[in-house]
Amino acid sequence: MAAEIHSRPQSRRPVLLSKVEGHQDAVSAALLIPKEDGVITAGEDRTIRVWLKRDSGQYWPSIYHTMASPCSAMAYHHDSRRIFVGQDNGAIMEFHISEDFNKMNFVKTYPAHQNRVSAIIFCLASEWLISTGHDKCISWMCTRSGSMLGRHYFTSWASCLQYDHETQHAFVGDYSGQITLLKLEQNTCSVITTLKGHEGSITSLWWDPVQRLLFSGASDHSIIMWDIGGRKGRTLLLQGHHDKVQAICYIQLTRQLVSCSADGGIAVWNMDISREEAPQWLESDSCQKCEQPFFWNIKQMWDTKTIGLRQHHCRKCGQAVCGKCSTKRSSYPIMGFEFQVRVCDSCFESIKDEDRTSLATFHEGKHNISHMSMDISRGLMVTCGSDRIVKIWDMTPVVGCSLATGFSSR
């Protein structure tokens with residue numbers, strides 16, 4: 001059911017430690033058990049499984065539990081051994097896992113949503129269970145009583161969730177490409193602001209409460225870093241994936257961002273440098289370089305007896321330019337462009353060779369990644385996807401190499 005796999009450790013790339021196979025349908029969530037050689041998985045095949053590493057090196061299911069509906073999301077609190085499983089039918093079920101990870105006891109069911117649960121967060125301090133769903137809402141419930149405390153509705157499916165335990169702020173990404181920042185109260189909530197920058201649905205969020213940074217991944221293949229704590233509205237764009245970004249994890253200790261995409265791409269971004277913000281695209285009726293009219297500028301086309309040109313934008317300066325004035329392509333990693341993008345001819349001349357040095361490393365996960373989770377303290381990552389396979393990776397060759405002391409065997 002599982003195979004032990006080793007790559008050459010000298011290569012600076014993630015090392016595949018194990019493949020865990022056994023689910024009969026797509027695996028929707030997988031979490032590494034802290035301080036244990038184990039992983040918890042939830043699948044569309046309606047099963048929750050706890051896999052423990054045996055002396056043989058293989059992972060075997062010590063718990064196999066079948067649910068009433070496909071499993072869509074999961075949260076696990078290790079100290080209390082509480083696990084919360086969101087389902088396709090909108091319910092969240094709580095279980096308690098035994099100390100030896102061989103038994104799982106049902107605790108209660110929470111009627112959280114009317115449709116598929118997309119994300120779950122458990123806050124022990126307040127005993128709140130916060131979740132989002134395809135019924136376009138965020139709900140927060142009391143885990144003591146099991147009762148609903150509040151709901152807030154959006155115009156689109158709520159796809160992902162992050163929560164700041166100290167300030168009770170929730171970040172909700174949705175299918176319209178918008179991120180909503182909410183302040184949750186006992187029985188009510190207030191909308192603080194909405195963040196708009198992606199051109200596709202939000203697929204993943206990560207909140208770093210130390211630096212107060214929010215990272216969002218989207219189906220437009222890009223990642224945006226929102227500097228919430230800076231209060232200046234600073235945003236950084238990261239473009240290096242060629243498919244939708246499915247999962248992200250920011251490692252505050254080493255200032256690195258790990259991201260995974262649907263095509264199996266794994267990227268590790270260096271965020272410990274001063275990056276430049278991508279400019280806003282400027283609007284103009286004519287090329288801002290040669291002043292030739294764009295095709296909708298009927299008056300200038302008539303006056304100059306010329307045919308209008310198509311509008312493009314330089315990714316470095318943001319100016320509206322025609323094709324003849326933007327014939328060059330270049331990467332510009334300091335602005336987040338890890339592959340070649342359109343730049344105007346004058347910006348191309350200003351980019352030096354050293355400016356094209358990559359600020360990220362890219363690796364091949366070799367399976368469709370729909371979910372990723374990291375145990376940062378051990379430098380381990382688990383990925384899962386529609387191929388029904390769960391992969392466990394040693395990320396220390398590419399993450400935290402300069403700060404190896406950050407990874408302890410806690």
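Cβ atoms are placed via backbone N, Cα and C, with glycine included.
Taken from TrEMBL, the feature domain 'FYVE-type' applies to 281-352. The annotation repeat 'WD' is assigned in TrEMBL to 20-51, 195-228, 238-279.
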Report the DSSP secondary-structure composition of the repeat 'WD' (238-279) as helix, strand and coil residue counts.
0 helix, 21 strand, 21 coil
Residue counts in helix (H, G, I), strand (E, B) and coil for the repeat 'WD' (195-228), per DSSP?
0 helix, 21 strand, 13 coil
Counting each residue once, how many in the domain 'FYVE-type' (281-352) are helix, strand and coil under DSSP?
19 helix, 20 strand, 33 coil
Could you tell me how many residues in the repeat 'WD' (20-51) are helical, how many are strand and how many are coil under DSSP?
0 helix, 19 strand, 13 coil
The average per-residue pLDDT within the repeat 'WD' (238-279) comes out at 93
